[in-house]
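**Q** Pasting a structure here, questions to come.
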């Protein structure tokens, strides 16, 4: 009974998710959702995955990384090489994308996570740029003109990847390892003094985040027919960063909500890219000036109705900060 | 000879990086903030210079001064509106704001005048080629180098010989103590932003003359590279920024000279990551012990 009480939220959300999946599947199959909405939906899911994976790095572990588009690019290209050049099935492509991005995360994470704050931000930004420039110069993947990729991303794939991403990140956050990461965010020196292997956990969070960004890259590559290095510049990294910052540094549901909302906004503003970027930049500035914790702070959506039941403990009243 | 030619080109390019890097380093030294918008101030300076030359029909030096003045004002406005309210906020909050300001300047410029590039008039400076021991040096690159050197010497004079320079050094050393000594910290920070931004504006005009083509997003890459230069020399240290800028320019030119010109932009970031791993305090910096 006790186990049921603890896990009913988890199973409830899984069942809800499957219900959502079935409804959308039915809508797509019956042709009630036209191609435009399906596109938006896929794009939304990809953005949610990116936001959730960056949330793990910035929001939970407090490591300010602004090169997330680099992992996204590595995943996109790795999967495209698998399916297009080597003619392997899509599943292999998706898995390779994750593993390749993970390795990239490990390579960049081990040296640069010794840095803090601003320096880490710049190092990750530099990494993202190096990935882009490397892709631009490798003829095997098409250089500046990019690679054409067949459309393979389907709704069951998108849903499965999204669900796994969110479940793994949510459960990681609530595990021993997640708590260790949160303690690093709150105070790295204190966490170190408490015997937490800070380097290990920082790299772990970084690598897991990179893995899911890579998977998102695979879905992206096989949905938009063509991938070019220019799709993965630092503006893409900033896009992802805005989801996390607006949603609340430290809140998974906040990042997800922000990713969904901003995807809708940017779909509407597709024909006015400058206006979109001006709005984005003003959002960044005003959120930081007037509500530096973001919309949700470190609270989760589920804690809104748990509030009354838990007496003390658990809820910190939004006092948590990032870095 | 080829090598020396590349060195000459590298020094010209490096002096532009050095001018931008100075602004980064001064601002970082005083408020511990990576001013991401600095590259965009550089872009605005370039455009102010361009419009001054083409619309007002003035010469190089008046245009340079005008661009510097406009950028100084812009720098102070950015500081007052976006950074000052966050003086006591977390580092990440300020960093995100800086990114926001940077995007804002870029896209407002595009919104106002479109994304199309402009070409700087080439008749602004006398263009004659000097042959020196078989190396071709254009009179333009001499002008550029001369202007940058004069500005750097001027900066050294301001920082070390004037009252405001003394205040800047005091605030960067310990803002609290400086305040107790009766230094107006806010004004000093404003002055730092003004001077740094003016240098970026000058760099913008020089860049326009050297590369001819200017566009609203041109500030991003030189801005990031100038930051690399500042880190290379040791961030917060003024001579470090100059040396770092020149070094970076020379390295980039040598890489393009070796035939890897497409990789040129990547080199700066490789240097950044290497320097951050092996000597995070930079070439001129001292290691500081972390205190709890």
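Cβ coordinates come from backbone N, Cα and C, glycine included.
Remember, TrEMBL labels are computer predictions, not curated facts.
The transmembrane segment annotation in TrEMBL covers B:7-30, B:50-78, B:90-112, B:132-159, B:189-211, B:226-250, B:262-282.
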**Q** In the same chain, which residue numbers or ranges, 6 or more beyond the ends of the transmembrane segment (B:132-159), come under 8 angstroms Cβ to Cβ?
**A** 1, 4-5, 8-9, 11-12, 15-16, 18-19, 22, 60, 64, 125-126, 165, 168-169, 195, 199, 202-203, 206, 209-210, 238, 242
**Q** Out of B:7-30, B:189-211, B:226-250, B:262-282, which stretch has the largest tally of CB pairs under 8 angstroms to the transmembrane segment (B:50-78)?
**A** B:189-211
**Q** Output the single range from B:189-211, B:226-250, B:262-282 maximising the number of Cβ pairs under 8 Å to the transmembrane segment (B:7-30).
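**A** Counting Cβ pairs under 8 Å, the winner is B:226-250.
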